[in-house]
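Contents: one structure, followed by commentary.
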Amino acid sequence: MSDGDYDYLIKFLALGDSGVGKTSVLYQYTDGKFNSKFITTVGIDFREKRVVYRANGPDGAVGRGQRIHLQLWDTAGQERFRSLTTAFFRDAMGFLLLFDLTNEQSFLNVRNWISQLQMHAYCENPDIVLCGNKSDLEDQRAVKEEEARELAEKYGIPYFETSAANGTNISHAIEMLLDLIMKRMERCVDKSWIPEGVVRSNGHTSADQLSEEKEKGLCGC
């Protein structure tokens, strides 16, 4: 796809404590590479990737491909950047929430991150995929898979164990998040409505319509 040759621009935000591997996960997804020497993100950064999304119909048939330009925003996890990070929550349509499988505190802080999303995202029930990262470091694991899955089930969100080092489940997690977003859009009664964080290739957004649809409860917020 050439520049501008897409149906939708969709913004995802990666968030979680500092050091959980947000930058490495996004870099693995967009470039297929792992860099163990990344420095801690300061403020906000982003990466981009073009994909084709094909929805399955009720009869299992694959629908027409939607050309998607993904913007994957990488946020600083440190407390001193928290106000800057939350300012970007409303501009994103989906959230990749990461914790470090070798760091129990980063897992315990997942609840705080979800609370922040519920307060600052485009609605109280945004689309989130939870990722326990660094699954390749099994001998250093501090969080049991059952614990993480139980927490994800409590919030009704998908859970994946990922590794930026070898790429395990990273594409699956982001594809799942994209699928949740596209299905949310399909559920909208007014098909001309596109949520914040989603831009048509003509550059038009619909922030005003978002508030109206949220009040009507049309899109599952």
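Indices start at 1 and increase along the chain as displayed.
Cβ atoms are placed via backbone N, Cα and C, with glycine included.
Residues or ranges marked as GTP binding site by Swiss-Prot: 16-24, 74-78, 133-136, 163-165.
According to Swiss-Prot, the feature disulfide bond maps to CYS123-CYS188, an assignment based on similarity to another entry.
Positions annotated as S-geranylgeranyl cysteine by Swiss-Prot, on the basis of similarity to another entry: CYS219 (among others).
What Swiss-Prot lists as S-geranylgeranyl cysteine is CYS221 (among others).
Positions annotated as N-acetylserine by Swiss-Prot: SER2.
What Swiss-Prot lists as phosphoserine is SER2.
The cysteine methyl ester annotation in Swiss-Prot covers CYS221.
Annotation source Swiss-Prot lists motif 'Effector region' at 38-46.
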Candidate with the highest Cβ count within 10 Å, taken from the binding-site residues LYS22, LYS134: LYS22
Protein Cβ atoms within 10 Å of SER163 (GTP binding site), excluding its own: 23
